[in-house]
Amino acid sequence: WCLTLDIGTLFSFPRRWLNLQEYQSKKLMQESGVAVQRFYVADSASEALEAAKRLNAKEIVLKAQILAGGRGKGVFDSGLKGGVHLTKDPAVVGELANKMLGFNLTTKQTPKDGVKVKTVMVAEALDITRETYFAILMDRACNGPVMVGSPQGGMDIEEVAASSPELIFKEVIDIFEGVQDVQALRMAANLGFKGPLQRQAADQIKRLYDLFLKVDATQVEVNPLGETPEGQVVCFDAKISFDDNAEFRQKAVFAMDDMTESDPTETAAAKWDLKYIGLDGNIACFVNGAGLAMATCDIIDLHGGKPANFLDLGGGVQERQVYEAFKLLTADPKVEAILVNIFGGIVNCAIIANGITKACRELELKVPLVVRLEGTNVHEAKRILTESGLPITAAENLDDAAKKAVAAIHK
């Protein structure tokens with residue numbers, strides 16, 4: 001039993017590479033029998049109007065579909081305020097959609113110019129008498145999935161954990177046995193569901209776990225899992241994170257990936273199986289292995305420099321990937337030096353060296369290049385670099401490499 005998880009660690013997740021819009025997550029939930037609001041998707045004002053009429057609901061909620069948070073308080077460049085609107089009149093849905101679709105919505109999480117809205121979700125608005133929080137996630141400390149819940153939903157769960165830790169409930173799930181009835185009922189009770197609603201909530205919890213397994217998720221978070229005046233337990237909003245390693249067997253899910261709001265450099269890197277995250281510094285990092293990449297960023301910072309990126313080449317890198325990585329790094333106008341730090345275990349250092357020399361020549365590298373190589377075939381790699389005649393600065397170790405890279409931009 002591993003119920004002593006630190007809540008800060010529990011909710012610190014790795015970067016999510018697969019991006020799904022809200023309606024896509026709701027569709028996946030619907031397919032697994034999870035209770036969600038009735039909804040339609042529209043990409044024109046006329047479609048939104050027709051969807052609102054088809055819903056035949058007492059009240060309708062219209063939501064702009066972008067990946068960034070804070071939609072409700074966002075502003076469109078059409079002048080419309082708010083990316084989430086409630087109305088009882090279907091005609092108003094068409095008018096609002098006309099001011100959303102094709103316009104940029106700016107929120108606290110979007111770039112300065114906002115994100116263009118191409119799709120809206122038209123959904124049945126339901127009253128909520130009570131909001132709870134529920135999530136299922138993979139946890140390393142427990143070597144498997146964990147359920148986390150709180151009777152205080154509809155708010156930042158980290159705030160609840162900090163102010164009222166006694167209101168955070170956890171259940172470790174045996175990956176072989178799945179969620180047991182007694183666990184689901186206990187979690188439902190801890191969330192504050194009573195009477196028939198407790199059994200209904202337990203059923204939703206088990207269905208959410210089925211979805212978690214079915215799509216190879218690393219996290220399914222429902223906030224809020226709400227209770228309506230009519231006695232329904234409904235998942236009003238959800239976030240689903242996926243295991244990238246499952247892409248080969250989750251083709252339908254990964255085909256829904258919305259890359260339009262992703263950083264174009266990160267998208268280009270992903271095509272070559274490179275893990276790239278842009279940072280604010282001016283020393284580009286070219287490293288194999290996530291741990292070594294983080295250490296490289298740290299030691300650059302230690303010596304007074306600032307890393308321009310996090311770039312993990314991975315283990316099975318080939319010459320073409322090295323070339324494409326250099327292409328991405330040199331395209332960043334902030335980059336004033338490049339530090340290559342390779343520890344060749346699976347990676348053949350000679351492949352890296354050949355890729356570096358090819359990239360330097362073809363891209364006509366203009367910034368200082370510091371290279372530290374260790375491991376498999378390193379002597380051959382060093383020979384290739386030395387005989388290339390290129391202005392490459394060799395480093396003995398990571399500390400030496402970081403010092404030389406920082407010094408190179410201060411010359």
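Cβ coordinates are placed from backbone N, Cα and C, and glycine is handled just like the others.
Nobody curates TrEMBL annotations by hand; they come from automatic prediction.
What TrEMBL lists as GTP binding site is Q37, G70, R71, G72, L126. Sequence annotations record features per position, and here TrEMBL assigns Mg(2+) binding site to N223, D237. The annotation substrate binding site is assigned in TrEMBL to N288, G345, I346, V347. For 26-72, the entry in TrEMBL reads domain 'ATP-grasp'. TrEMBL lists E59, D127 with the feature site 'Important for substrate specificity'.
Taking Cα separation as the measure, R71 (GTP binding site) is nearest to N223 of the recorded positions D127, N223, I346, V347. The two recorded residues, N223 (Mg(2+) binding site) and Q37 (GTP binding site), show a Cα separation of 14 Å. DSSP labels the residues of the domain 'ATP-grasp' (26-72) in these numbers: 19 helix, 9 strand, 19 coil. Closest to G72 (GTP binding site) by Cα-Cα distance, out of the recorded positions E59, N288, G345, I346, V347, is E59.
In this view, the densest Cβ surroundings among the recorded positions D127, D237 belong to D237, judged by other Cβ atoms lying within 10 Å. Ranking the binding-site residues N223, N288 by other CB atoms within 10 A of the CB puts N223 at the bottom. In this view, V347 (substrate binding site) is surrounded by 21 other Cβ atoms within 10 Å of its Cβ, with every protein chain counted.
Here D237 (Mg(2+) binding site) is compared against the recorded positions Q37, E59, L126, D127, G345, and the shortest C-alpha distance is to Q37. Nearest by CA distance to V347 (substrate binding site), out of the recorded positions E59, G70, L126, is G70.
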